[in-house]
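Student: This is the structure, below, for whatever I ask next.
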């Protein structure tokens, strides 16, 4: 089963259709197909919070399983009516002016004769400036300035860390933690041993028991740094445990404030499930609150002004792209299939949450289309299709020839044609940016994905429960991460020659770790709902089979430990020094992993997650930020 299948949202009538609307009758994608409106409903299997399993006998006499998924919740008329004043050219002119002013701020920090620099806090100023533009999602405008600042900071870096300024001899926890995180993320060689030098005689991070704002900020940056850990870095594990405990205790003692908001956000989303656009939106609110309290300096106010304007200009582009996505979804004929989930708006929210570069529209649109196709295939293989039908479809995908649809049942013909045409169209578009035909790469990934799906369908059909290792290896392919990443990545304006592709696609460690995280995390959040739909095999059930006497809690603990270790491995694959494969070539695939992980963050029930996802769509796509 694919884990790239966003969960349902709670209803909100002013924005999208009511859950109580009547079930759509299946219509033809090519010709009339089996309709569930005439099916005889069977006895429901145990319900799973917001979706259960219903058996239905179609009018051709075939008994089918359907997931009782609700229809699309985001009304197409509402989406097509979206508008924004920030499309006007005057806003672009203002943006360019502000970009120039922020560059001047960066340059003043680097002035040899001092400028705004103070020898007691210049290193912290450089790092704070870089941190601000990155968290606000505007760093793409300042790559040259960021490198100058980080080169300057790194020139003072030592095995004991750094002080807040070039003339400060004593190591400063806040500056060292912030510096370690940013430098490591930008590919500089830094070692976690710097934190050993910040311990007291008892082997603990030295800090007072008082929760002062300055100390809390230092521990917050220590926590953020600890999340960029590599395997085997024990001091980073210690720092994470210590800082997380400290911050949770601090939340109990400090008043509700911008600082408490920042702590709550970082604790909730950490690094591996953080969406950059959601972080930008949240950090804008935090800095805005500081502005009201007159806690911001003039430079940060200028950066904030640019961030708000950039957010809203991209918001206007989001509206256009979302309209395009909605038209594609509608024209595909998928709205008439009532056995599939319709999550194109949620998928768009995810991808626009990880890539806010205006020129990457084709990447975002390709990602949404591919993820929606994955969801259609997931629902077809996991529930609706019979095993004989799925064997025919699997063979047709391998042949990659529309003439093979003659042997498919009617509902599969339409699915196949949309899949075939969409993938071919995207491959043709990708050839413009890659300078070569990439279709074979994508076909190989698609065949592996469909093959893994088919194996799981055979397991469901026969009632077979595999071993953990057998399930996990197959599950990495069926997670959908590889196929969801590969085709959209080719649409970027970044060349991906074969030697780079080998480092991010199958069978690279990078691809293996990303697929592993999605499969493991998806199973911990969805295994109960999957079992309710008749899908017994999961990481949890297979672990319990391999370890008689173990409980679900034992299985979850084991899998959560696997996830934590695999995240560290993926961090290392992203950030390891490699002159042949720059970080920028791996960043989109890594961010897709983070984005997909976000949708399974702390998810133990669809009701809570529904509200969270709904709010995410509204906050990052539908609503502009107040100016």
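Cβ atoms are placed via backbone N, Cα and C, with glycine included.
Given the structure is predicted, the values throughout are model-derived calculations rather than measurements.
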Student: For the motif 'DDXXD motif' entry in Swiss-Prot, name the matching range from 368-372, 373-377, 378-382.
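Tutor: It is 378-382 that Swiss-Prot annotates as motif 'DDXXD motif'.
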Student: Could you put numbers on the helix, strand and coil content of the motif 'DDXXD motif' (378-382), residue by residue per DSSP?
Tutor: 5 helix, 0 strand, 0 coil
Student: Could you measure between residue 378 (Mg(2+) 1 binding site) and residue 530 (Mg(2+) 3 binding site) for me? Cα positions, answer in whole angstrom.
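Tutor: The separation of the Cα atoms works out to 12 Å.
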Student: Restricting to the motif 'DDXXD motif' (378-382), report the mean pLDDT as a whole number.
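Tutor: 90, rounded to a whole number.
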Student: Which number gives the other C-beta atoms within 10 angstroms of the C-beta of residue 530 (Mg(2+) 3 binding site), all protein chains shown included?
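Tutor: Excluding its own Cβ, residue 530 (Mg(2+) 3 binding site) sees 22 Cβ atoms within 10 Å.
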Student: Around residue 382 (Mg(2+) 1 binding site), how many other CB atoms lie within 10 A of its CB?
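Tutor: By my count, 22.
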Student: Validating a neighbour-count step here. Other CB atoms within 10 A of the CB of residue 378 (Mg(2+) 1 binding site): how many?
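Tutor: Counting Cβ neighbours of residue 378 (Mg(2+) 1 binding site) within 10 Å gives 22.
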